[in-house]
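Working notes, structure below.
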Amino acid sequence: MAGEFEYIAWLRSQTPDDPRVVIGPGDDCAALLPGSRPLLVTTDMLMDGTDFVLASVGPRRAGRKAMSVNLSDIAAMAGVPTAAVVSVALPKGPTPSPALKGGEQQEAPSPTPSPRGEGLKTEERPVLSPPSLSGKEVGGLGSSSSSPSLQDGGWGGGASGTGGVGSPHGIDLARELYLGLRDVADAFGVALVGGDTNSWDGKLAISVTALGEATARGPVRRNGAKPGDWLFVTGPLGGSILGHHLDFTPRVREALCLHATVEIHAMIDISDGLAADVNHICAESACGAVLVAERIPIADAARTLSATSGRTPLMHALGDGEDFELVFAVSPEVGQRLLNEPPVPGLTKIGECVESGLWLEEGGVRKPLTPTGWVHDL
């Protein structure tokens with residue numbers, strides 16, 4: 001049976017040299033060269049049975065999601081991701097496939113993504129080249145000249161990207177998990193500098209802590225929205241359970257391009273759900289918001305899901321969560337500029353900030369909107 005130290009030795013052999021890393025995996029601490037701007041720190045823990053179903057998706061896709069959700073938080077503050085540490089609790093043996101959130105069994109998504117590009121296999125957004133970003137801030141996001149996307153042989157499915165009865169466990173699971181983490185880290189120029197590995201009788205748990213650096217304009221927070229601001233979103237929403245929650249591109253490049261081009265008053269990534277996350281902005285900014293139903297971009301997956309869920313596509317777009325698009329507030333003047341000459345593709349104006357309350361306007365009628373979304377029961 002392979003042990004922890006063999007795994008650490010393998011990790012060190014897989015870790016490329018990085019000029020920002022003074023000491024990498026293998027010592028008691030990693031050592032990084034400090035930047036001259038504020039350090040961004042975020043962490044997320046993902047659990048088999050809550051955030052993914054290991055037996056259905058396999059460890060490599062689970063690893064990709066674990067890294068991607070953290071980089072999405074860096075994107076929400078318009079930062080440049082730089083490094084990450086990963087802690088993993090490995091199951092001691094294969095585990096049966098449990099139910100996902102809400103008791104609904106997850107199936108592995110179809111290898112053919114929906115027309116909007118739900119799976120990253122087909123997402124090829126144009127090159128984003130904000131003129132005021134330095135080479136470090138743009139060129140440091142991996143070697144690709146366009147937004148990273150899932151591709152066969154890179155982030156794609158393949159034998160290591162799917163699970164099932166033959167899913168690996170032990171050190172084989174750990175290695176596959178690491179390869180998934182590396183898929184995303186490499187695409188965004190993130191150095192994996194250490195972490196911890198343990199085993200237990202429970203299900204797989206992954207905790208990633210990602211580090212980033214603010215740009216010269218500083219981090220974008222949730223608390224700067226003002227009544228009268230326009231609200232925008234970077235892409236379609238809803239139905240993420242059909243696959244998008246596993247295979248998505250963190251909107252790092254989009255955030256950096258927007259931040260370099262215009263003044264953003266507040267921003268958040270949509271993890272809990274559009275209504276819930278807009279409500280987070282409102283709570284931090286001491287204002288309200290009106291979302292216009294007819295303007296909210298709805299993902300094809302939301303329409304597919306609504307055929308059997310008993311909920312409308314709009315309800316899925318408002319409350320499903322794990323879309324990992326960005327929603328942000330800007331002044332009306334800036335908003336008009338974004339509509340006239342969008343610096344990134346996919347931008348949609350979905351509403352505006354008001355003095356108080358959370359509202360949905362549909363057919364010209366404004367009604368209170370309950371901020372439904374995912375909440376962990378503690």
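Using N, Cα and C of the backbone, Cβ positions are placed for all residues, glycine too.
All TrEMBL annotations are machine predictions without curation.
From the candidate list Asp201, Asp229, Asp247, Asp269, the residue TrEMBL records in the Mg(2+) 3 site shared with Asp28, Asp73 is Asp269. Of the listed binding-site residues, namely Thr42, Thr43, Ser271, the sparsest CB environment within 10 A is found at Thr43.
Counted over all residue pairs in Tyr178, Gly195, Asp196, Arg222, Ser271, the record's binders of ATP, the longest Cα to Cα distance measures 32 angstrom.
According to DSSP, Thr42 (Mg(2+) 4 binding site) sits within a strand segment. In this view, the densest Cβ surroundings among the binding-site residues Asp28, Asp44, Asp73, Asp269, Asp272 belong to Asp269, judged by other Cβ atoms lying within 10 Å. The Cα of Asp196 (Mg(2+) 1 binding site) lies closest to that of Asp28, out of the binding-site residues Asp28, Thr42, Asp73, Ser271. Within 10 Å (C-alpha to C-alpha) of Ser271 (ATP binding site) lies none of the binding-site residues Asp28, Thr42, Asp44. In this structure the alpha carbons, written CA, of Gly195 (ATP binding site) and Thr43 (Mg(2+) 1 binding site) are 12 Å apart.
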